[in-house]
Amino acid sequence: MAFGMEAQQLVRLGKVLATSDHASVVSINLFVALICGCIVIGHLLEERRWMNESITALVIGVCTGVLILLTTKGKSSHIFIFSEDLFFIYLLPPIIFNAGFQVKKKQFFRNFMTIMLFGAVGTLISFFIIFFGAIQLLRNMDIGSLDIGDFLAVGAIFSATDSVCTLQVLNQDETPLLYSLVFGEGVVNDATSVVLFNAIQNFDHAHIDAIIILKIVVDFGYLFLSSTLLGAFGGLLSAYIIKKLYIGRHSTNREVALMILMAYLSYMLTELLNLSGILAVFFCGIVMSHYTWHNVTECSRVTTKHAFATLSFIAETFLFLYVGMDVLDIEKWKFVSNSPGKSLSVSSILLGLVLVGRAAFVFPLSFLSNLTKNSPHERIIFKQQVTIWWAGLMRGAVSIALAYNQFTRSGHTELRGNAIMITSTITIVLFSTVVLGLVTKPLVSFLLPHSANHLSSSVSSEPSSPQSLLPSLLEHGQGSEVDGGGEILTRPSSLRMLLSKPTHTVHYYWRKLDDAFMRPVFGGRGFVPFSPGSPTEQSLHGHI
């Protein structure tokens with residue numbers, strides 16, 4: 001009898017597992033089909049640049065959520081339960097790595113100090129404004145039991161920007177300075193927000209004071225610097241291995257596989273050490289494109305460039321699809337169904353804090369950055385400052401992921417305060433991505449009608465082909481940045497000389513170090529290994 005009962009239990013368990021596996025297969029098929037639909041619709045809407053692929057995926061996700069909600073009779077609106085591990089381990093690394101790998105390094109490092117001002121210092125300013133504003137305005141609204149740690153997390157969550165909409169409107173060949181600033185700040189901002197979020201988890205929130213806040217800032221600096229160095233080390237290690245062994249003479253597949261795995265290893269190792277994987281994989285991508293990419297064969301260069309871009313594109317589409325589906329999640333909205341006005345008030349307050357926090361650093365830091373610029377063409381004019389401010393108002397997948405990490409457990413929550421914060425985050429992401437995103441193109445066209453003529457004459461851009469990764473990290477020349485047509489330069493002020501001189505000195509010594517030591521050891525442009533008959537050798541002979 002006992003044996004028969006055990007057999008029946010095993011049969012039932014097998015049926016449950018089979019049903020579960022079948023449901024998973026159905027879910028995966030549906031999601032893959034939706035991604036394919038986003039690609040096709042995005043292609044059809046290519047001419048309408050105001051309707052970018054992020055908005056397309058978000059809208060398709062919302063429509064799909066409505067259909068699933070109707071099909072399941074109001075029980076669920078999505079086919080996957082959001083997992084922070086899925087986001088931070090599988091989806092985010094290819095997006096951030098590709099951003100570093102494809103970045104136009106010449107423009108990025110030419111504006112490096114301004115990008116770091118906006119991306120790191122500016123994010124800290126926005127973080128504190130949102131944090132203190134949320135405490136003062138939300139504590140007395142009876143939205144649930146939120147402690148000081150939750151408000152600190154809110155500051156980090158809503159400091160993370162998503163500038164995809166603006167980047168798809170801007171043209172990096174026509175407006176290289178503005179594109180470089182918006183792109184660079186967006187990546188550094190995401191990394192800074194995650195580092196801040198992780199830093200505030202390590203402190204006792206019950207007795208927070210000025211000393212604790214100072215420790216958070218110091219811990220943030222440590223995480224930022226150590227993660228950057230570890231990511232750069234991973235990129236240099238891959239460059240050295242491929243340069244010395246020259247794996248491509250036997251197999252280009254091994255070259256590509258080694259680059260992908262070394263990049264992913266740098267991310268996971270940094271996370272294992274409780275550092276910032278985003279920063280590590282971003283700078284690993286920059287270092288790999290400067291050294292490792294030049295050490296592989298021509299075939300591997302083309303393959304890696306498009307493979308990384310494709311993986312990033314699929315991950316981004318997946319994220320926006322899921323966010324669209326999660327907008328209608330019944331489990332979270334039922335907590336605010338009795339007081340929709342309060343949920344709307346919380347969303348409005350947080351959106352207002354985002355607007356104020358953004359303005360509080362963009363305009364003052366732009367003024368400081370302009371003090372370091374000798375040429376008027378290098379300075380950020382007011383209309384460009386407004387564009388940069390607007391570009392950082394959108395919130396996206398990073399905010400969603402951090403909110404889920406703080407206010408849910410395995411995608412679920414049973415606390416009213418946590419549910420309100422999740423729904424408010426979803427509301428702000430949806431509103432900023434769709435509404436503000438649709439306004440972006442006409443706004444940029446109104447603010448910068450002649451930006452192409454103004455900026456293309458001041459800063460040279462790099463070609464948008466695989467050769468765009470060829471320029472060195474910091475070149476000797478300044479391109480067409482300075483016009484040698486007898487322009488009379490005014491004597492800079494003492495403050496401007498003080499701010500600008502150390503930057504040029506660092507650039508000068510870095511160029512000397514790169515030419516004298518780094519590229520001879522780790523490879524790069526001009527130090528490419530070759531073997532007889534290899535594609536790399538042929539390309540070298542073609543350029544001589």
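From the backbone N, Cα and C atoms, a Cβ is placed for every residue, glycine too.
Where the annotation comes from TrEMBL, it is an automatic prediction and has not been curated.
TrEMBL lists 458-474 with the feature compositional bias 'Low complexity'. Marked as domain 'Cation/H+ exchanger transmembrane' by TrEMBL: 33-444. Taken from TrEMBL, the feature region 'Disordered' covers 458-487. The feature transmembrane segment is assigned by TrEMBL to 23-45, 57-74, 86-103, 115-139, 177-200, 220-242, 263-288, 308-328, 349-368, 388-407, 419-439.
Ranked by Cβ pairs under 8 Å to the transmembrane segment (115-139), the stretches 23-45, 86-103, 263-288, 349-368, 419-439 are led by 349-368.
It is 388-407 that, among the stretches 86-103, 177-200, 263-288, 388-407, forms the most Cβ pairs under 8 Å with the transmembrane segment (419-439). With respect to Cβ pairs under 8 Å, the transmembrane segment (388-407) is most closely packed against 349-368, considering the stretches 86-103, 220-242, 263-288, 349-368. Here the transmembrane segment (308-328) has Cβ contacts under 8 Å with residues 31, 34-35, 38-39, 53-54, 57-66, 68-69, 77-80, 82, 87, 90-92, 94-95, 97-99, 101-102, 164, 285, 396-397, 400, 426, 429-430, 433 of the same chain, all six or more residues outside its ends. Within the chain carrying the transmembrane segment (349-368), a Cβ under 8 angstroms from the stretch's Cβ atoms is held by residues 114, 117-118, 121-122, 125-127, 129-130, 133-134, 137-138, 154, 158-159, 380, 385, 388-389, 392-393, 395, 424, 428, 431-432, 499, all 6 or more beyond its ends. Long-range contacts of the transmembrane segment (220-242) within the same chain, counting only residues at least 6 positions beyond its ends with a Cβ under 8 Å from a Cβ of the stretch, are 120, 124, 191-192, 195-196, 198-199, 248, 255, 258-259, 262-263, 265-266, 269-270, 273, 275-288, 290-292, 295-296, 521-524.
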